[in-house]
Amino acid sequence: MIMASSKLLSLALFLALLSHANSATETSFIIDAFNKTNLILQGDATVSSNGNLQLSYNSYDSMSRAFYSAPIQIRDSTTGNVASFDTNFTMNIRTHRQANSAVGLDFVLVPVQPESKGDTVTVEFDTFLSRISIDVNNNDIKSVPWDVHDYDGQNAEVRITYNSSTKVFSVSLSNPSTGKSNNVSTTVELEKEVYDWVSVGFSATSGAYQWSYETHDVLSWSFSSKFINLKDQKSERSNIVLNKIL
């Protein structure tokens, strides 16, 4: 009787711990048309009448940021696990000068609060330095050259992925109209760079000079995160532990 009670107590404690460990929040959304309820708009960012996210005005010295309306969990401090994520968006950058003009458009993961622990992770589509780069806390980790004029005024498809198992951070940019593409990938240990919750979105600046401004639109956006390691490892461990308990 005492042995049976001990087993039941062990099982109850294990299930309680497992329930706590499963508390990581996964996120998935698809936005085909933006509105002010699914975004947090800052600076000059606005939503057009046809549902496009406009990150800069049709003029110089315009700066803005736009984030998904809810924070997203990227790391689980209880386990130390980091989510894998996959995000896709369609963007349109239009320059108004043949030479390098403004700064470009960034995809960003930033701490929910400025004083929060964790760095900013950025994918830069830099039109001034003509490069696509993966940055952590303003440090260029990996970059490749690109020519914005291969995409100028045309809808470009972007895919950004992070695999928490391999720690590979990948970026691909393509122009369906011309077949042009650019790709960059590198290893990033996100568990050392980010804290649990981040704001995910975009930032852009149109340029400091009237003769060299550019506009930046995002037409659609999808995002999904999953604690792959967390679930797979727990499922395997739970079966082993339950067998031992029972």
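Here the Cβ of each residue, glycine as well, is placed from N, Cα and C on the backbone.
Copied over from Swiss-Prot:
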- 1-23: signal peptide (SIGNAL)
- Asn35: N-linked glycosylation site (CARBOHYD)
- Asn88: N-linked glycosylation site (CARBOHYD)
- Asn163: N-linked glycosylation site (CARBOHYD)
Request  = Could you check the glycosylation sites Asn35, Asn88, Asn163 and say which one's CB has the fewest neighbouring CB atoms inside 10 Å?
outcome  = Asn35
Task = Could you round the CA separation between Asn163 (N-linked glycosylation site) and Asn88 (N-linked glycosylation site) to a whole angstrom and send it over?
result = 15
Task = List the Cα distance (Å, whole number) between Asn88 (N-linked glycosylation site) and Asn35 (N-linked glycosylation site).
result = 18
